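J.: One structure coming up, written as C-alpha cells, with questions to follow.
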Amino acid sequence: MQYSRMTATRENPKYKNLRVEECDVLIIGSGPVGATYAREILDPGSGASPGRKAPKVIMVETGAQESKVPGEHKKNAVVYQKHIDSFVNVIQGSLFATSVPTRVDPNLKLPPVSWSPREKQNFNGQNKEQNIYHNLDANGVSRNVGGMSTHWTCATPRQHELERSKIFDDATWDRLYKRAEELIGTRTDVLDQSIRQRLVLDILRKKFKNRDAKALPLAAEKVEGKNLIKWSSSSTVLGNLLEDEKFTLLDQHHCEKLEFNDETNKVSFAIIKNLAKPQTSKEDEDRLRIKAKYVIVCGGPILTPQLLFKSGFRYDEEDAEDSEGNKSSLYIPALGRNLTEQTMCFCQIVLKDKWVEELQKNNWGPECEEHRRKYDEEDDPLRIPFDDLDPQVTLPFTENTPWHTQIHRDAFSYGAVPPAIDKRTIVDLRYFGRAETQWRNRVTFSKKLTDAYGMPQPTFDFKLSTKDRLESHRMMQDMEKVAGELGGYLPGSEPQFLAPGLALHVCGTTAALRKGCRSEDEMKRISVCDENSKVWGVENLHLGGLNVIPGPRSNASNPTLTAMCFAIKGAEEIRRKLGKKGSHSGNRDDGDVDTDTDDDA
C-alpha cells in the first residue's frame, strides 16, 4: 500500500508564535498508567545508570488536583471509611457520561408560549449520533489528577492465562506483574484481621470446596493500630517523584492535539491549553507548545483514541486518502475498534441467622473480646467491633467459571444500604463477565459534534455476541447460588444486571500487537501499536491504558494491573532510547518478545 507523508497534520502555522516548553518525555494523563510511565522512566526498579543525566518529564492533566497529595485516593479520608455509603456521592461526582443519546420525548407540561425543540438537537451534552441500543450507557470518564484511581476499588488481580494475550511469554508476564504489584502496592493480607473477612472465607471454603476462595488482591495497606485502610492510587505509584525537580505535574492543562513533522514521522509538538488561566485580548495566550523527545498518551480507553482522532489519525479509508489516492501514514483502521467491556451483575444479601450467630459466639480474638466487655448484648447484639473492616473476597476466574467475582462491601454508584439495617450484616456480590473481542464493536468520533472540551464527541457501537449473552446467564446463576449460601437478598438489591459500561473496564480501542509477526499493512489494519505501546508509523508516540490491552482473549477481571504491565514495558523501551542520548539506560530481557506468531496478541 502506498502511504503519503503526514501532510494533513503537519505543523500548523497558527501555533508558531506560542510559547514553547521543552522536555524529554511528555505524559498526557495522570492516572496509574501515566504514573507508571513516569516512575519507570525517572526511577526504574532496575536499569538506572549512575552518572547519567535524568530525563525531564512533564505530565499534563485536564482536570484539577482535588487532594492535598496529588492523585491520592479520596477514600483515604477517614470520614468515608466511617461512612462508606457516603462515598457513593464522590464516585458519582467524579464520573462524566461519555455518550448520552438525545431524548426525543417532549416535555408535555412546558407552557405553549415557551420554545422547545421540534427535532433531535444536541444540548446538555447529549449526542444525537448515538444509537440507544448500541450504547455503553453507564460509561464515564474521570478528569482529575489521579484519574479513576482516586475512587476505584483497588482490586488488582492478575489476568488468568485464559484472559491474557500471548504478546509476551509467561516469564515476561510474571516479571511485569511483579513490578506492577510492587508499584501499586498489591497485597492479600490487608484484611486478615477482619472478622467478617474470616467468616465469609470460611463459609465459601465450606460450601464451595473446589472454588479456591481467597482474599481479593488489593492495592492497599492497613493503617497500623487502627481499623483504617490506606488505599493506593496514582500518588502511590509516583511516590517521591512528586518532589523531584525533574518531574512537573500541570493540572487543568488540556492537550488539544498533537502536531506532526511530515519529514521525520514524529510528534513535533503537543498543543496544551491552560484551562484556568485568564485570557485577555491576546489570542492564544492561554496555550503553549510542549516539545518532547517522546510523547505518551494515557487518557484512558475513550479519551486516548479521541486525542489521536483530533490529531489527524483516521480509521475510515475514504477519510485517509490525499488527492492522488495515497493513504496518510496516520491511517490506522483499528483505531477505536475491538472494544470490549464486561457484563456485570450485582446483588446484596443480609447474612443468614446461623452466620450471624457465629459472629456473636465465636472467639474472634482480643479486639472482639474487648468490644464484648464494653458492650453487652442489649447495646450491641452483633457482638463484633463497630469498625470491623469490610470483607474483600473472591472466587477466582477458572475455565469452568470464566468470570471475576468480588464478594465484599464497598461503595459504588449503586447499592447503598437502608439505615434500618445493620451494615455489618450486609455483603455485596459483584460479578464481571467477559465479552468476546469483535471488530464491529467500536467507539467512533464525530466530525461535527464536540464535547465540553472541544474534542470530537465519542459514539459507541457495541453489541454482545450470542456466546456473551449465554455466558452472562451462567454467571448470574452462579452469583445466585453463592448468594443463597450467604444469606437472603436485601430488598431492592435482588440479583440484577447493571447498565452496559458500568464496569468502566473498556479495553482494546488502541490494541497492541507484537511487531514483526505480520506485514506492516496487516499490523496497522488490526492493531494500533506494538508490544512496547509505540504507535505504528510514528517514531516517538507511545500509548498507555486499558485501551492497549489486546484480544483475541477478553478479560473479566479488573485490568488495571495488566495495563500497568504494558506501561512498564513501554517505559523500558523509552528509557533505553533515552540512554543512548545520555539520560537513562535500561535492562531488557532477551526473552521479552515471544517470536511465536500463531498467537501474536
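The backbone N, Cα and C atoms fix where each Cβ goes, glycine too.
What Swiss-Prot records for this protein is below:
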type	residues	note
ACT_SITE	H505	active site, proton acceptor
ACT_SITE	N558	active site
BINDING	Q406, H408	substrate binding site
COMPBIAS	591-601	compositional bias 'Acidic residues'
REGION	577-601	region 'Disordered'
J.: Using all protein chains in view, find how many other C-beta atoms are within 10 Å of the C-beta of H408 (substrate binding site).
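T.: Total other Cβ atoms inside 10 Å, all chains included: 22.
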J.: List, in sequence order, the same-chain residues at least six positions removed whose CB sits under 8 Å from that of the residue listed as 'active site, proton acceptor'?
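T.: When sequence neighbours closer than 6 are ignored, the residue listed as 'active site, proton acceptor' has E341, Q342, F432, L546, N555, N558, P559 within Cβ distance under 8 Å.
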J.: Select the most exposed residue of Q406, N558, where exposure means the fewest other Cβ atoms within 10 Å, treating these as the recorded positions.
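T.: Q406, out of the recorded positions Q406, N558, has the fewest neighbouring Cβ atoms within 10 Å.
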J.: Where does H505 (active site, proton acceptor) sit in DSSP terms: helix, strand, or coil?
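T.: For H505 (active site, proton acceptor) - judged by DSSP and reduced to three states - the answer is coil.
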